[in-house]
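Enquirer: Sharing the features that Swiss-Prot gives for it:
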DISULFID  C7-C28  disulfide bond
DISULFID  C13-C33  disulfide bond
DISULFID  C17-C35  disulfide bond
SITE      K27  site 'Basic residue of the functional dyad'
SITE      Y36  site 'Aromatic residue of the functional dyad'
Amino acid sequence: TFIDVDCTVSKECWAPCKAAFGVDRGKCMGKKCKCYV
């Protein structure tokens with residue numbers, strides 16, 4: 001699931017994914033965060 005968070009590296013997505021979905025797994029794809037939910 002993509003969220004509207006800009007990123008350059010995957011670890012920048014972990015906290016936003018945790019906040020949005022309660023899971024700290026995700027990666028940066030195409031400058032946007034994708035959370036694995």
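Every residue, even glycine, has its Cβ placed from backbone N, Cα and C.
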Enquirer: Distance check, please: Cα of C33 (disulfide bond) against Cα of K27 (site 'Basic residue of the functional dyad'), rounded to an integer number of angstrom.
Expert: 6
Enquirer: Compute the C-alpha separation of C17 (disulfide bond) from Y36 (site 'Aromatic residue of the functional dyad'), stating it in Å without decimals.
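Expert: So the alpha carbons of C17 (disulfide bond) and Y36 (site 'Aromatic residue of the functional dyad') sit roughly 8 Å from each other.
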Enquirer: If you count Cβ atoms within 10 Å of each one, which of the disulfide-bonded residues C7, C33 comes out on top?
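Expert: Buried the deepest by this measure is C33.
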Enquirer: Show which residues of the chain containing C13 (disulfide bond), separated from it by at least 6 in sequence, have their CB under 8 Å from its CB.
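Expert: When sequence neighbours closer than 6 are ignored, C13 (disulfide bond) has I3, V5, C7, G26, K27, C28, C33, K34, C35 within Cβ distance under 8 Å.
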Enquirer: Check each residue in the chain of Y36 (site 'Aromatic residue of the functional dyad') that is at least six apart in sequence and keep those whose C-beta is under 8 Å from its C-beta; list them in sequence order.
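Expert: Y36 (site 'Aromatic residue of the functional dyad') has long-range Cβ partners T1, C17, V23, R25, G26, K27.
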